[in-house]
Each structure stands twice: as structure tokens, then as C-alpha cells.
Amino acid sequence: MTTLTVVMLTLAVAMVTLAVSASAQRPPRTDIGALITGAGYPLEEHYVTTADGYKLLMQRIPRKGAKAVYLQHGLVDSAATWLVNEPNESLGFILYDAGYDVWFGNARGNGQSWEGPPGCDPSEACFWAFSWDQMASLDMPAMVAYVRATTGSGKIGYIGHSQGTMMAFAGLEPGDAASIAVVAALAPVARVYHVDLGPFKLVADLPTKWVYEILGHGEFNLDPATVSKLLPAVCEVEKSLCNEIVCLVAGCDSANLNKTRFDVLFEYFPSPTSVQDIIHFKQGVNTETFQAYDYGSVSANVAHYNRTTPPLYNLAAFAGKVGLFSGGRDKLADPTDVAWLKSQLPLDAVVMDKIYPNLGHADFVWGLNAHTLVYPDVLALLKAADWE
């Protein structure tokens, strides 16, 4: 057995142990606002309440009177993902320097958005009864509406990474075209049938009942504080493994990561989500569709959807314009699935389609060359959009 295999297995066991044993009764994660103020930028923090009572924290780098852009992170991530590289390499700061009013969303349960409806705090299973379905149908609309109301904007720009793009593809309805000028979809995800990431494939091969028995029905948490302690020890054994371990989880070109920023990255990543969210991804790997969460029985699906099976998301009804930014080495947003996504969208919806042959999934937010390779294209998409 190779050193790499031993370390990978050890880390996988440690992560599963952390996910099972982590307590949900802790304070929110490290202050993301410190990344903004520490870099010398202005900061505002806003709480947004969803229709079902979750309180979501948004960070803002305010440029009042400017066009507003809302950025939404991916799976087991947070708003920090747009800020962890050096300021001249991080999309959040680059957007502000380009003249935009920049807003960062945090999905329910990610450690920043840590307050639920009355009687449903994070120590209760009811708090965690969600997946990206609710992030799409409740979190994203609430944050879009809040940004528009606060800024007085007719339209705003939306930038999503990974699960943040799923929220847009599932959540944008015909009436939303008047609210969002354009969607920039980084590492775009809808169908995940061809995913080639070890952790996803491992979970996908297990019966759903087993996953719930192992992880419970509450929080899925790979504690970043513990990961940040494990990683330096691994790096002492073999430095080349540092990047490989990150890429095992996040899917990236390991040569394109900056190890000198790992101490910052692992203050925030990974962030919590629900076990139900993980199960929803598992369901996606096992089907060739883009559909709502399957509650596992005819009666449960009828209770939630008034039908025996979960409904498919109709990508042909996607409202608005989108730019697709995908990587040829992405093991989560696999090129085959991205091509399928594009084929399902309306013909006039995709106004930019950029494929970067050597980029992986996490490279779009953490990659050393994203600021020179990808972000100029994102800025060009925003500039070309029809925007009030």
C-alpha cells in the first residue's frame, strides 16, 4: 500500500469520525468579515430571513450606487471561498476593485447562517431537514430580494460556484429574469451522473439507509479546525500530499493550489451542511436527472410533492442569461454533465461558454491562475449584461 493510499484512508476515517461526532451546539465559524477588513476593505454584515424562518448572514463590501453582484458558494463551503486568496487573486476583492457593490451569501446551516425557525436550533434534527432544494427555493430568493431592496437595484448580477450554480438552475423562475441580469456559473452543476470524486462515489455506492444510520439525520460536519491540525502533520511526512488531500475532497488541479494559503483556507473550509444535502447529491450521482430530493417512499413523496416521485427541474424553463465557466479536469462538474446541462437550457440562455482544459472544480475559487485565466471572462460577462 502506497504512502498516498495510507494517508488518504487515514484522513477519510478521521473525516467520517468528525462528521459523526461533531456537536451542532457550537458558535458560528471563524469571522469571515475579518478577511475583508484585514485586507483593508469596508465591511457590512446583514441578516436575511427566509420564508421558512432561517436567518442567513450576508457579508458586503459596499460600494453604494454601484451595480450589485451577489456571490453564492458551493457545497460544504462559505462566503470565505471568494476571499481566501490574496486580494488581487480573490474574486470578491477583484469585483469591488472593478467598481461593483459586492454581496456574499451563506446558505442555511453553513456555520455562518446558524439560526433556524423558532424551536429548530442547530441541536435539533428539524434544523437540518433541508438540501439544496431549500437553498434554491428559499435561501437564494430571499437574498436576491434583500440585495435588491437594500440597494434599490432593478437587477443584480449573480455568481455561483458548484452548488451555488445548482441553486440558480433550480431556483430561477420566469419572473426572476427581471431581478437578475446575468448568472456567472463557475464549475456549473446540475446533473452529477458522471462525478469522479472518491468521496461522492463512496457515498453513492452505499444504501441511503446506511448513510443515515452512520451519519444521522442532522449535521454533516468536517471540522476545519481538526483538518487544519491534521494537514500539517501529513505535510511533514510528504509535502506533495498536501495538495492531493485537498483535491481528494474538492476536486482540483493540485499544482494550481497555493499551499501558503492553506492556513487561511482551513479556518473556513469545510463548512457544515445537512446530511440530507449530502444524500441529495448521492441521489444525483445515482440518476441521470436533475431532480428534487427523493424522500424515499411513495407516501413521503406524495406528502411533499403530491406525486409519487420527486419532480424534475425543468432546465428548459430557466429564466435569464447565463455564462458557463467549466474545467476540463473537473471531477464534480464533469465535462459530460456540463455539456448535458448546456443542451437542456434554452438556446438563447447561454451567452458565454468558456472551457478551461486544465482546471478542476476548486480551481475556480482557489486556483493560483483563476484571477488571470477566469475572472477577466467573468468581468466581461458582467460588463456585457443588460443591467439597470
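Using the three backbone atoms N, Cα and C, a Cβ is placed for every residue, glycine included.
In TrEMBL this protein carries:
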SIGNAL    1-24  signal peptide
DOMAIN    35-85  domain 'Partial AB-hydrolase lipase'
ACT_SITE  SER162  active site, nucleophile
ACT_SITE  ASP330  active site, charge relay system
ACT_SITE  HIS361  active site, charge relay system
* Structure fact -> Cβ atoms other than its own within 10 Å of the Cβ of ASP330 (active site, charge relay system), all chains, total 29
* State the count of C-beta atoms found within 10 angstroms of the C-beta of HIS361 (active site, charge relay system), not counting that atom itself. => 30
* With an 8 Å cut-off on Cβ-Cβ distance and a minimum sequence separation of at least 6, pull the same-chain contacts of SER162 (active site, nucleophile), or say none. => HIS73, GLY74, LEU75, ASP77, LEU186, ALA187, VAL189, LEU332, ALA333, HIS361
* Summarise the model confidence on the domain 'Partial AB-hydrolase lipase' (35-85) as a single mean pLDDT, whole number. => 96
